[in-house]
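In Swiss-Prot this protein carries:
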type	residues	note
ACT_SITE	68	active site, proton donor
BINDING	18, 39, 66-75, 130, 192, 201, 221-222	substrate binding site
């Protein structure tokens, strides 16, 4: 992914279409003034099918397909090949799948995009989900490595495998940016604009602070999708990035 340092704020905000029926998601995306990027997650993709990507792109939107592929190398490669052919520009994979699967996914994504006449997408490795807290990782998954050590290790594994970026908490963005200069992409959920509730995210930060910490793009959902005036909420988020 090219550097977004001088990009318009709207290019740096990805609105998550989570918890919406397909018709609702398409209508919502069409009504938000200035919107450029949307995130399609598992729930919407399972409901609507692959055609939702094409429908959103027909509305002039760029699509982050957040399906977090995690499987054996051949299966991950096949999934990424198909996802890239749809025209999704960002696609998530789990770093924990390992280097062999990550390399296979990256090669297949390029192949799938080329075969469909689409630009090659950026694969984003998921390190540690922002809903996890360190104590719960230790208690439930027996992972003794702290988040501060685990996230950089998984990001390095992914970068070495040729993955173009990672998804991380904004709290880890500064350390990862120091480790991985642009154009390595850092896409951060867990973004809460001024006055927004934290919700189910355990590791959060404001939009301007996340960009200053090194994030490339921000994923924002409910503070925009549940707002009384989504266009105004989106504009306010863009305004926070402008200072």
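Cβ atoms here come from the backbone N, Cα and C positions, even for glycine.
Here the features listed in Swiss-Prot are placed on the structure.
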{"residue": "18", "record": "substrate binding site", "Cβ within 10 Å": "17"}
{"residue": "67", "record": "substrate binding site", "Cβ within 10 Å": "17"}
{"residue": "68", "record": "active site, proton donor", "Cβ within 10 Å": "17"}
{"residue": "70", "record": "substrate binding site", "Cβ within 10 Å": "17"}
{"residue": "73", "record": "substrate binding site", "Cβ within 10 Å": "17"}
{"residue": "130", "record": "substrate binding site", "Cβ within 10 Å": "23"}
{"residue": "221", "record": "substrate binding site", "Cβ within 10 Å": "19"}
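Following the DSSP three-state reduction, the secondary structure of residue 67 (substrate binding site) is strand.
Under the three-state DSSP scheme, residue 221 (substrate binding site) falls in the coil class. DSSP classifies residue 18 (substrate binding site) as coil under the three-state reduction. Calculated from their C-alpha atoms, the gap between residue 130 (substrate binding site) and the residue listed as 'active site, proton donor' amounts to 13 Å.
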